[in-house]
């Protein structure tokens, strides 16, 4: 139960951080070009708060993955877009369309179904050579991102960002409790996380927010969930596979519907 609360708190952190960062960027963008750097930093202090909240969310997410399967945690993390949407309504006076309001209700149903079907437990221990292999795989993924960037392919960039975000979850699920600083899986979390953030930024620059976020959400949720269930020992409670599949589909569909709120526009 504590792990589930931690995963939900992580989603709350991620969604809140998006709002903080959006408000700070809007405030700094509205300043004259002659504004000094110090003044910009003071004005954009909320961006620093957003980064700190993001970091807290990441830690909570990593702790939840010690116990909960990837299909549940990744789905909860993707639902942070719902937190962003709700906070944008409350704090920024933005409005939700009818379809988005329905998506919020569907999301609650989907996550409830996933929570009821998930079987708690730690992941299997990987041989050291496989752990190093996961870390090494970041290199061809980075190369693919570079080729996609030079080819001006926003869709490829969004898919690669989603895969990198997904591998952050896979790596975090596998990080050993003892000697974690020396584990290649710890460095995999950092490497894939850095790559994901950079590549997703380029994807947002080339695609509408809804398109980029939808592609990213889909890949970062489905791929690690499949890896967890097929290879890492993640499990669904006996007889509840149909419920889990329905819950997963509802959650992912709702997140895609709400994906326009993955990047918040603040009115001046």
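Every residue gets a Cβ built from N, Cα and C, even glycine.
Quick look at what TrEMBL annotates:
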type     : residues : note
TRANSMEM : 46-64    : transmembrane segment
TRANSMEM : 71-92    : transmembrane segment
TRANSMEM : 98-117   : transmembrane segment
TRANSMEM : 129-149  : transmembrane segment
TRANSMEM : 155-175  : transmembrane segment
TRANSMEM : 187-204  : transmembrane segment
TRANSMEM : 210-232  : transmembrane segment
TRANSMEM : 239-262  : transmembrane segment
**Prompt:** Of the listed stretches (71-92, 155-175, 187-204, 210-232, 239-262), which one yields the highest count of Cβ-Cβ distances below 8 Å with the transmembrane segment (98-117)?
**Reply:** 239-262
**Item:** Same-chain residues near the transmembrane segment (71-92), Cβ under 8 Å, at least 6 residues beyond its ends
**Value:** 4, 7-8, 10-16, 18-19, 23, 57, 61, 64-65, 100, 103-104, 107, 110-111, 114-115, 118, 166, 169, 173, 213, 217, 220-221, 224-225, 228-229, 234, 236, 244, 247-248, 251-252, 254-255, 258-259, 261-262, 264, 266-267
**Message:** Take the C-beta pairs under 8 A between the transmembrane segment (155-175) and each of 187-204, 210-232, 239-262. Which stretch has the highest count?
**Reply:** 210-232
**Message:** Below 8 angstroms Cβ to Cβ, which residues of this chain, lying six or more residues outside the transmembrane segment (210-232), approach it?
**Reply:** 69-71, 74-75, 78, 81, 123-124, 154-155, 157-159, 161-163, 165-167, 169-170, 173-174, 200, 203-204, 248, 251-252, 255-256, 259-260, 262-263
